[in-house]
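> Below you'll find the structure I mean.
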Amino acid sequence: MSELVLARIQFASTTLFHFLFVPMSIGLVFMVALMETLYLVKKNELYLKMAKFWGHLFLINFAVGVVTGILQEFQFGLNWSDYSRFVGDVFGAPLAIEALLAFFMESIFIGLWIFGWDRLPKKIHALCIWLVSFGTIMSSFWILTANSFMQEPVGFTIKNGRAEMNDFGALITNPQLWVEFPHVIFGALATGAFFIAGVSAFKLLKKKEVPFFKQSFKLAMIVGLCAGLGVGLSGHMQAEHLMESQPMKMAASEGLWEDSGDPAAWTAFATIDTKNEKSSNEIKVPYALSYLAYQKFSGSVKGMKTLQAEYEKIYGKGDYIPPVKTTFWSFRIMVGAGVVMILAALGGLWLNRRKKLENSKWYLRIMIALISFPFLANSAGWIMTEIGRQPWTVMGLMTTAQSVSPNVTAGSLLFSIIAFGVMYMILGALLVFLFIREIKKGAEHDNHHDVPVSTDPFSQEVYHGISS
């Protein structure tokens, strides 16, 4: 394999693995903050137990996510130095803000939250976990600011062969950012909600701590349903924007080789033939693509062949069509998983309202399996986003082939891929082990564990302990 292919494999694999933990942390910490707030408002100890139990799982996930994220930024300098040299002035600014501001905020307030139980006033303690939640969201904002520049470069000028920032305001008001950011955050909230719902379903099947996990499930499904609808709405907005910013990605995601005609039908299924540049065995939904692209039931969508000819006039000779099969199917996996999650959330709330939830074993088993669906949807969405932008690293400015480090060797890349793979497998196994251990212990263990023990040698409890 070439250095370019190996560098892409390494970046894709490490990024996808890291992004298993990022949305989970954002979603879980939001749920924990919500639970602690409900405890303050309703004075119900059940919500306090919920905040502590799910908070333990959040901390485990957060720690592993931090470790996997450290390796990401090193790759820009080691494997993608030409990219870093060209856009570092623009791309580096939001990443620096993320590290110095957002992650710093998370680190401070997560410590106060961990060690502040029974030490800080209850409202201040709850504020700490909300600030952690805000910090995780702001981390995403700044990272997505950098990514949005790759999708739709703004706020820069080319000087001495480099992109230099000349408008920071344009960077943070990038239209791509404001359709991408809510889509990612709603997806993260759905991830945390469905994880809580799936674990709660497992416990309800076992008939363990039923009131606790039934309430956890109900809250998770309310958030999960709202998040799922938010994902759908923001995704629709993103599709509309793609028509302006990256029409080739839109065409590839539809397997659309020729212009669609007016109105445009959405292709639910197709056999993609990249060699002959055609699609067959298509199952189409009339008018749907026009609505997806223009929010009306009319309008045509340009095909990849038309766009290829247009791009050649702008950028010169080259192949500007991304990997079509990957882009096409990753989009459908993302959408399909999202639809299933929305239906599952509606079903769970209906069963809970009818007081049939804990006895619906078939549904609870489905919810355990659906823990994986948000991760599947998140990964598929990012695969579509990044693969669909190819051959560009920065849309219209720099190709992926131009971005790789000139001095990196295939041997060093292969070694680091194997080393990172082994380390990530160990981290993943450790996370699963710790999750299973905490889940088996249950919420009652956390409750007993948190009972304060007096350190006064003259207290009654300690005195009797010494006497015996």
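Using N, Cα and C of the backbone, Cβ positions are placed for all residues, glycine too.
Pulled these features from Swiss-Prot for this protein:
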type	residues	note
TRANSMEM	15-35	transmembrane segment
BINDING	H18	heme b b595 binding site
TRANSMEM	51-71	transmembrane segment
TRANSMEM	95-115	transmembrane segment
TRANSMEM	124-144	transmembrane segment
TRANSMEM	177-197	transmembrane segment
BINDING	H183, M334	heme b b558 binding site
TRANSMEM	219-239	transmembrane segment
TRANSMEM	331-351	transmembrane segment
TRANSMEM	366-386	transmembrane segment
TRANSMEM	416-436	transmembrane segment
REGION	448-468	region 'Disordered'
> Counting a contact as 3 or more Cβ pairs under 8 Å, with residues at least 6 apart in sequence, do the transmembrane segment (219-239) and the transmembrane segment (124-144) touch?
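Result for the transmembrane segment (219-239) with the transmembrane segment (124-144) is no.
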> If you count Cβ pairs under 8 Å, which stretch among 15-35, 51-71, 95-115, 124-144, 177-197 touches the transmembrane segment (331-351) the most?
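Between the candidates 15-35, 51-71, 95-115, 124-144, 177-197, the best contact partner of the transmembrane segment (331-351) is 177-197.
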> Take a look at 95-115, 124-144, 177-197, 366-386 and tell me which one has the most Cβ pairs under 8 Å to the transmembrane segment (15-35).
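Stretch with the highest Cβ contact count: 177-197.
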> When the number of other CB atoms within 10 A of each residue's CB is tallied over all shown chains, which of the binding-site residues H18, H183 has the maximum?
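Ranked by Cβ atoms within 10 Å, first place goes to H183.
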> Against which stretches of its own chain does the transmembrane segment (51-71) lie, if we need a Cβ under 8 Å and a gap of at least six residues from its ends?
14, 17-18, 21-22, 24-25, 28-29, 31-32, 35-36, 39, 110, 113-114, 117, 129, 196, 212, 216, 420, 424, 427-428, 430-431, 434-435, 438-439, 442-443, 446-447, 450
> How big is the gap, in Å, between the Cα of H183 (heme b b558 binding site) and that of the residue listed as 'heme b b595 binding site', rounded to a whole number?
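Each residue's Cα considered, H183 (heme b b558 binding site) and the residue listed as 'heme b b595 binding site' end up 18 Å apart.
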> Give the sequence-ordered list of residues that share a chain with M334 (heme b b558 binding site), lie 6 or more positions from it, and have CB atoms under 8 Å from its CB.
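In sequence order, A377, A380, G381, M384 meet the Cβ cut-off.
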> What parts of the chain pack near the transmembrane segment (366-386), using Cβ distances under 8 Å and only residues at least 6 beyond its ends?
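Non-local partners: 12, 15-16, 19-20, 23-24, 151, 180, 183, 187-188, 190-191, 194-195, 197-199, 201-202, 205, 231, 249, 253, 326-327, 330-331, 333-334, 337-338, 340-341, 344, 348.
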> So, in DSSP terms, is H183 (heme b b558 binding site) helix, strand, or coil?
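Looking at the DSSP assignment, H183 (heme b b558 binding site) belongs to a helix.
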